[in-house]
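Below: one structure, written as structure tokens.
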Amino acid sequence: MRILLSNDDGVHAPGIQTLAKALRKFADVQVVAPDRNRSGASNSLTLESSLRTFTFDNGDIAVQMGTPTDCVYLGVNALMRPRPDIVVSGINAGPNLGDDVIYSGTVAAAMEGRHLGFPALAVSLNGYQHYDTAAAVTCALLRGLSREPLRTGRILNVNVPDLPLAQIKGIRVTRCGSRHPADKVIPQEDPRGNTLYWIGPPGDKYDAGLDTDFAAVDEGYVSVTPLHVDLTAHSAHDVVSDWLDSVGVGTQW
């Protein structure tokens, strides 16, 4: 199995390095990751400047100022030959649950892999300690995919409780929960009297029902949520069509 491994925490982050070490025991792994933390970069792609890369002695590649999406795009189309069999993103430091997936560079890297035609996993740890647990879970999933490919055309967003492996209760297929909108902004003043602003933490849980990713992780289960790139709200199609007809948009300007 050939694996392209990326993340949004940066090439030296403990999550990606722990996972790379575990994966290399049974797979051919190429790390292509940002040279610094790009958390929250979502699906951004660098279009107005060139991208430089640096290859470390162990073969890992850092993309200077690159986003997670840049890294997967370059990895698939230029840096990994032959091309990978699968794209894996993570292990993220902290969860990507519910609405987090909108902003997550970890999830975005997996989405880019799926967009380019490859199976893809995004893996996050609900904390900052037991990366070995998340690595073991990821290896188990990848061995399963090697034995029997999952032909859903979807990304698997995997969130792992920050627990020793022996304390993981099992695995659940979940849906994304949701949070209350985040509204906290933290102002500061620099030495010259200018106001600076920091974006605050995410909102509290709003929808954390039993079938959500929030609930699974809180209860000690690995959460696996299938995600797709198509953002079309198919169930709203007829409602929007009827509304356009009722307000006359398209018949008069």
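Including glycine, each Cβ sits where the backbone N, Cα and C put it.
Around ASP8 (divalent metal cation binding site), the same-chain residues at least 6 positions away in sequence with a Cβ under 8 Å from its Cβ are PRO34, ASN37, ARG38, SER39, GLY40, ALA41, THR67, PRO68, SER89, ASN92, SER104, GLY105, THR106, ALA108, ALA109. According to DSSP, ASP8 (divalent metal cation binding site) sits in a coil region rather than a helix or strand. For ASP8, ASP9, SER39, ASN92, the entry in Swiss-Prot reads divalent metal cation binding site, with the evidence type sequence analysis.
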Please list, in sequence order, every residue of the chain apart from ASP8, ASP9, SER39, ASN92 whose Cβ lies within 8 Å of the Cβ centroid of the divalent metal cation site. ASN7, GLY10, ALA13, GLY15, ASN37, ARG38, PRO68, ALA93, GLY94, SER104, GLY105, THR106
Count of other CB atoms lying within 10 Å of the CB belonging to ASP9 (divalent metal cation binding site): 23
Most Cβ neighbours inside 10 Å, all chains, among the binding-site residues SER39, ASN92: ASN92
